[in-house]
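Data first, discussion second: the structure below is written as structure tokens.
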Amino acid sequence: MTVKVCVCGGGNGAHTLSGLAASRDGVEVRVLTLFADEAERWTKALGADELTVIVNEKDGTQTEVKSRPKVITKDPEIAISGADVVILTVPAFAHEGYFQAMAPYVQDSALIVGLPSQAGFEFQCRDILGDKAAAVSMMSFETLPWACRIKEFGRKVEVLGTKSVLAASLIKGTAKTVDPLSTLQMLHGAEPVFRLAKHFLEMLIMSYSFVHPAILFGRWGSWDGKPVPEAPLFYQGIDQATADMLTACSNECKDVANAIMAACPGNDLSDVKDIYQWYLEYYHEDIQDDHDLYHAITTNKSYKGLVHPVKAVDGGVAPDFGNRYLTEDIPMGMIVFKGVAIAAGVAIPSNDKLIMWAQEKIGKEYLVDGALTGKDVATTRCPQRYGFNTLDAILTGKK
């Protein structure tokens, strides 16, 4: 049996996945990119040649994988019709366009994958696919599997590093699909090793979308507006107050998870960890001092040299609040979590404080007097936007 895979996107991740998946026996890869004339440019750039994926292995060696997608197109009917697996490797803000494009053509037995998904992926998918949403299966990954960069558009991409383990959540539909975990593992190769989370809300809650806003707030929350000489260190430059804010937001995540389990027995969110535990698990080899969250972040070697997003101004630099750390992490992260918290009846004052500060910085209005009634809520992926107003609706997809 040939597994038909549609890879959505034209960026670093789409290049990498297309090349790796197309190299597997019994796999047909179609690439769907809706952006401008990207499909035409990719087709022209590749010509009659093969796509090359350069993989930097953990032992220091390099492997070259050469393959060729069957088709690269802007036409969703060609790419989606009959596809067993549809994988979105585009930023969250672009998901809506792809869901709308696939809706008329996606088959009931399709597995729809967000790689990564970001919070609210399932709500948006269910809303746009309508009646089909109950049949299809949805899989959400927490991040991209690799650090990767296009070296030559349409022809060559390099994998700089590959994660060892990656978690995914799964909502099974009523129709029978290809086996989700083993199929995705086969498409990617030996690493990362994929593990299945117990619940899709575990992935949503543990996306920790408060981290970037909290660090920005910690550094710039009381900023006097005067330029600074250079961009401050981002993670390694946090203070104890920021670590305390991160802990408070994390505790509120646990509160919401516990409330959902109490209200809706049978929904297991017991794997929702506090952020300190998460750091110890995922970065144990990189952390030099792990006795508390503050030191776990500031001594994390993988964060060395990473600085705040800034823009040049007269006299130095100033914070760039138009960066994705706020423009994506608020509407596609914190607001989604806020919506779940409201449905669960749990107050999250620390998260609210960050949202109120951040929305002012990016000129948006989501939260008004603790309620999601702002004029820009319709641009977010909170469940309420789609009519999922209760815990039951959030969990089942039935409004």
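The backbone N, Cα and C atoms fix where each Cβ goes, and this holds for glycine too.
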Q: Write down the one residue from GLN118, GLN185, GLN236 that Swiss-Prot lists together with THR143, HIS212 as binding pyruvate.
A: GLN118
Q: Look at the binding-site residues GLN118, THR143 and tell me which residue has the greatest number of other C-beta atoms within 10 angstroms of its C-beta.
A: GLN118
**Q.** Residues GLN118, THR143, HIS212 [recorded pyruvate binders]: greatest CA to CA distance in Å
**A.** 15
Q: Express the distance between the Cα positions of GLN118 (pyruvate binding site) and MET206 (L-arginine binding site) as a whole number of Å.
A: 10
Q) Roughly how many angstrom lie between the C-alpha atoms of THR143 (pyruvate binding site) and MET206 (L-arginine binding site)? A) 12
**Q.** Same-chain residues at least 6 apart in sequence whose Cβ lies under 8 Å from MET206 (L-arginine binding site)
**A.** GLU142, CYS253, VAL272, LYS273, TRP278
Q) What same-chain residues, at least 6 away in sequence, bring their CB to under 8 Å of the CB of HIS212 (pyruvate binding site)? A) TYR325, LEU326, ASP329
Q. Using an 8 Å cut-off from the Cβ centroid of GLN118, THR143, HIS212, can you name the remaining same-chain residues around the pyruvate site, in sequence order?
A. PRO116, GLU142, SER207, SER209, GLU328, ASP329, GLY333
